[in-house]
């Protein structure tokens with residue numbers, strides 16, 4: 001807990017004060033990272049920016065700067081470079097500070113008026129941030145909007161209002177170890193057949209057919225594509241494209257078919273609750289599995305481990321369509337309590353949408369840019385960018401409504417239970433009930 | 001706010017109050033001591049003044065009073081010769097108030113509110129935010145290139161703000177709060193994009209000057225269709241329209257496009273007719289005893305609370321018992337002089353204590369993995385350690401035994417070494433067997449020494465958040481209820497309520513932590529009473 005000591009004392013000291021004695025430093029960077037943060041938590045934190053050295057606590061707002069930006073360590077360097085250029089152009093000083101848990105630290109610091117002007121983060125935080133009145137709307141001109149990927153723009157909207165400027169789109173795809181599996185399977189049945197052949201022929205070296213994060217508490221992010229393949233999902237959409245928290249699809253016919261597929265794969269030991277966020281990458285990087293369902297963030301370690309890999313679309317499921325992943329969109333938010341709102345708005349609307357900035361952020365994190373021209377450049381540079389983009393072409397943005405917080409736990413657990421043998425129909429019906437009750441509780 | 005109080009600690013290092021034998025006339029303190037004393041008091045006052053400034057700028061009126069009281073107390077206590085006991089007590093008292101009493105008061109106060117996600121700000125702020133978020137660009141209107149200016153000759157900080165605008169056709173305007181006027185083209189220079197860089201009769205503000213004008217946020221140049229031209233950043237403006245208005249008299253919000261009326265209910269703005277969605281931003285308000293009654297009456301929470309509580313007590317008791325037994329046995333073993341190389345063994349035994357607990361917990365977590373873990377691989381078992389409720393509990397207790405026994409080993413070793421040799425010798429002479437000596441002489445003496453430590457260890461384990469969180473995160477969850485895990489402690493349960501899970505709810509979590517506080521306090525009290533009895537026997 002000491003990680004958030006500063007903000008905690010003032011903001012959440014109520015709840016935390018008595019917890020402190022028991023935490024002793026354990027409860028860091030948890031925030032709302034229940035399931036959605038799968039992408040975020042797996043990214044490594046190696047780079048350090050020149051702006052401020054990394055500490056374990058929330059950064060202390062630089063009081064002298066005319067613009068304060070909080071970001072994680074991965075992107076800090078790229079953001080700093082362009083923030084400095086922006087500062088010189090406009091005669092202002094900019095401070096880029098590294099936050100170890102942007103989502104929670106931003107919320108806590110903003111409550112006590114010590115928050116930054118701009119943060120960099122994922123689009124699915126949006127509902128929660130609006131709910132707490134911590135982010136301000138952004139008015140991008142229609143010309144600029146047209147240059148961005150439409151699904152990225154859709155993800156920046158909540159209740160019909162735009163709250164962010166997107167710079168990257170990410171999604172999961174099928175990664176394969178080309179030394180083990182030279183060809184990409186197009187259906188799950190093919191994948192299992194081929195993977196099993198490879199496993200049996202390896203003499204114990206290959207232990208898993210497919211690596212996919214499940215874990216004991218499950219993972220809704222990686223389970224969703226199975227539901228979507230049969231037309232199921234989590235929420236139905238409203239007429240204006242927003243997700244409708246009152247129309248749950250977890251026990252719809254399509255979702256139940258997807259759950260049955262998860263059960264089948266669990267029974268044949270292709271999926272297992274013993275593979276989770278703690279060992280998934282390690283298993284693939286040790287060459288113990290030919291196939292891995294993961295996102296662009298896993299490339300760094302795979303390269304380091306010397307794995308030759310290729311990326312293709314998620315396979316399609318028997319009797320259904322192709323698996324469709326959730327899209328995660330990375331974007332810049334402006335704080336509703338920004339001390340420098342004008343400069344902050346100027347930076348995100350005129351700078352983040354520049355091609356060179358989007359390219360720099362792409363090079364720092366490997367996520368395909370949201371700006372179409374930048375994406376085309378990046379795709380020409382790196383075929384994997386194109387492969388990941390293609391895999392997510394039909395995907396829907398991860399819901400950014402606050403009700404999604406009620407989904408991660410129950411849906412993940414239902415998937416884990418089904419994979420370890422529970423009856424898919426009754427388990428997913430129960431999960432739907434639990435989610436509906438949680439949403440009703442608000 | 002407690003951080004504001006901390007800096008008074010330098011007083012602690014101040015000069016000790018001069019010892020003064022009473023009734024023997026006054027002994028003059030040396031000059032340097034008097035000077036140092038007054039310098040330190042002056043420093044404390046200065047520090048107080050500085051803190052007051054900071055507190056005011058942060059907007060906490062009550063903080064000023066607190067700082068003032070503390071500073072006055074410092075001056076009153078240390079500047080006179082009276083109140084000698086207070087000279088020693090004051091620093092401790094201030095820290096006690098700041099670090100112990102204040103958080104408890106804050107926790108209790110929070111327990112009576114609905115503070116949490118969606119209820120984080122005041123009603124005014126939530127309403128303001130909803131209105132600000134309702135601004136929509138009027139379709140079909142142009143985007144202007146913009147510069148912010150004040151009339152030439154007036155101050156950039158206070159002059160009437162104006163927007164110098166250029167529409168996509170290249171025509172320039174001056175926009176003020178009164179409306180839009182044409183800008184005469186003489187003396188106007190523009191960049192290639194159309195942003196005006198100079199105009200006769202106007203002073204164009206720099207980025208920093210614009211940023212300093214907080215009133216810019218309220219500026220909207222009225223247009224004929226009821227919208228307003230508003231700036232976006234430093235160089236662009238759009239025509240926007242606010243679609244939500246607040247009616248202070250009726251305390252309602254109205255959507256001007258759809259005519260829908262919203263009323264406040266349960267700290268949210270909800271549609272009056274009950275159709276459609278409420279606004280997502282709610283506010284913080286007092287809810288009285290609602291959190292307490294939820295905890296006591298909600299079926300799921302109550303049943304869960306009870307099972308969590310039982311497991312919490314079992315966990316703490318078994319953890320303390322098992323670690324103490326193992327630690328004591330090892331301590332007794334290595335207390336024997338005949339063992340060679342005891343120092344080496346002792347150092348090795350302390351190793352688990354020296355490795356950070358988080359590393360150990362994560363390591364054990366991977367060792368407990370059913371397919372890839374060391375434990376199943378070595379023993380040939382196929383136990384689903386972290387997926388089966390009972391196995392998970394066993395796994396937690398095993399890990400905690402590993403983590404905790406070195407501590408018990410250390411304190412028992414120390415306590416054994418402090419037992420005087422003549423007591424043992426006397427027992428030997430009286431013909432007591434070694435076992436009898438252990439049972440009747442050594443154990444009681446040992447327990448007197450380590451009894452309070454056992455209670456402390458119990459209290460620590462009762463709230464052993466880190467271990468549970470790193471090992472199982474409270475799971476596995478019994479089907480269809482992911483709010484209550486089978487290895488949850490009250491503290492991990494409270495943490496999930498407050499910071500993750502469904503909707504973070506600080507109010508409810510504070511209520512849970514009050515319950516935990518009471519439970520631990522009662523148990524510790526009972527425990528200390530028992531050790532006191534032990535001492536009396538002795």
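Even glycines carry a Cβ here, placed using N, Cα and C.
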TrEMBL annotation (transmembrane segment) - matching range among B:260-280, B:281-301, B:344-364: B:344-364
Which range of B:437-460, B:461-484 is transmembrane segment, per TrEMBL: B:437-460
Chain residues in Cβ proximity to the transmembrane segment (B:437-460) (below 8 Å; excluding those fewer than six residues from its ends, i.e. six or more beyond): 316-317, 319-320, 323-324, 328, 332, 404, 407-408, 411-412, 414-416, 418-419, 423-424, 427-428, 520, 523-524, 527-528, 530-531, 534-535, 537-538
Contacting positions for the transmembrane segment (B:344-364) when only residues 6+ beyond its ends and CB under 8 Å are counted: 330, 334, 395, 398-399, 402-403, 405-407, 409-410, 413, 466-467, 470-471
